[in-house]
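A.B. asks: I have a structure here, written as structure tokens, and I will follow up with some questions on it.
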Amino acid sequence: MSSIKIECVLRENCRCGESPVWEEASNSLLFVDIPAKKVCRWDSLSKRVQQVTVDAPVSSVALRQGGGYVATVGTKFCALNWEDQSTVALATVDKDKKNNRFNDGKVDPAGRYFAANRRSIYKLEKEEQIPDGMCIDADGKLWVACYNGGRVIHLDPETGKRLQTLKLPVVKTTSCCFGGKDYSEMYVTCARDGMDPKDLLQQPEAGGIFKITGLGVKGIPPYPYAG
């Protein structure tokens with residue numbers, strides 16, 4: 001296995017970066033900044049980032065089989081047209097719960113878009129780490145970003161055994177995905193909201209996008225929404 005390299009490829013200063021998704025067709029990484037109400041697309045070749053601002057906190061984004069994207073915006077599933085920066089609501093849930101919103105979402109192998117709300121939180125370890133966004137590799141193993149843990153952990157879902165720990169130079173790691181030419185790169189999002197000025201001085205890359213190479217494993221392409 002080659003040596004593992006962790007680098008910040010985009011110092012975006014996301015308040016709460018989440019939901020990284022690799023778009024192979026454009027060699028780009030999609031992600032959201034939840035409280036900033038932004039969907040972002042970083043071109044890995046030009047190194048430029050584009051943004052679309054929506055009208056509510058946006059918690060996840062996914063590819064759409066017919067073109068464009070879908071996103072969870074507030075309590076709505078929305079179609080997102082990048083060209084004219086417009087959104088169209090596909091479905092709305094919890095209309096009677098104004099303070100609720102989606103917290104995360106992903107498309108399953110059948111092309112269905114699943115999203116969870118903010119009602120449940122689970123603790124993982126003593127150090128106040130909270131399991132957050134995750135992805136799966138080609139071997140069926142899990143990679144889980146630990147919020148307030150500054151790490152991504154590699155797990156065997158059948159045995160529960162921890163296989164590897166990747167420590168990042170930021171504490172509020174939020175999610176991860178595989179991407180790159182052959183899905184051998186890992187991208188990790190993180191947050192900076194809730195950090196005091198001293199913490200931000202010690203973690204200047206907080207809110208950025210990290211790339212990890214040399215893992216010796218490959219991921220699988222993201223599933224597109226079939227609707």
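Numbers run from 1 along the shown chain.
Any Cβ shown, glycine's included, is placed from N, Cα and C.
Heads up, here are the entries from TrEMBL:
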DOMAIN    16-115  domain 'SMP-30/Gluconolactonase/LRE-like region'
BINDING   Glu18, Asp132  divalent metal cation binding site
BINDING   Arg101, Asn103  substrate binding site
DOMAIN    116-191  domain 'SMP-30/Gluconolactonase/LRE-like region'
ACT_SITE  Asp132  active site, proton donor/acceptor
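Set these features in their place in the structure for me.
C.D. replies: Mean predicted confidence for the domain 'SMP-30/Gluconolactonase/LRE-like region' (16-115): the pLDDT average there is 93.
Listed in sequence order, Val144, Ala145, Cys146, Tyr147, Thr173, Thr174, Ser175 are the same-chain residues six or more apart from Asp132 (divalent metal cation binding site) with CB atoms under 8 A from its CB.
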A.B. asks: Calculate the distance in Å between the alpha carbons (Cα) of Asn103 (substrate binding site) and Glu18 (divalent metal cation binding site), and round it to a whole number.
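C.D. replies: So the alpha carbons of Asn103 (substrate binding site) and Glu18 (divalent metal cation binding site) sit roughly 10 Å from each other.
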A.B. asks: If you draw a 10 Å sphere on the Cβ of Asn103 (substrate binding site), how many other Cβ atoms land inside?
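C.D. replies: Around the Cβ of Asn103 (substrate binding site), 19 other Cβ atoms lie within 10 Å.
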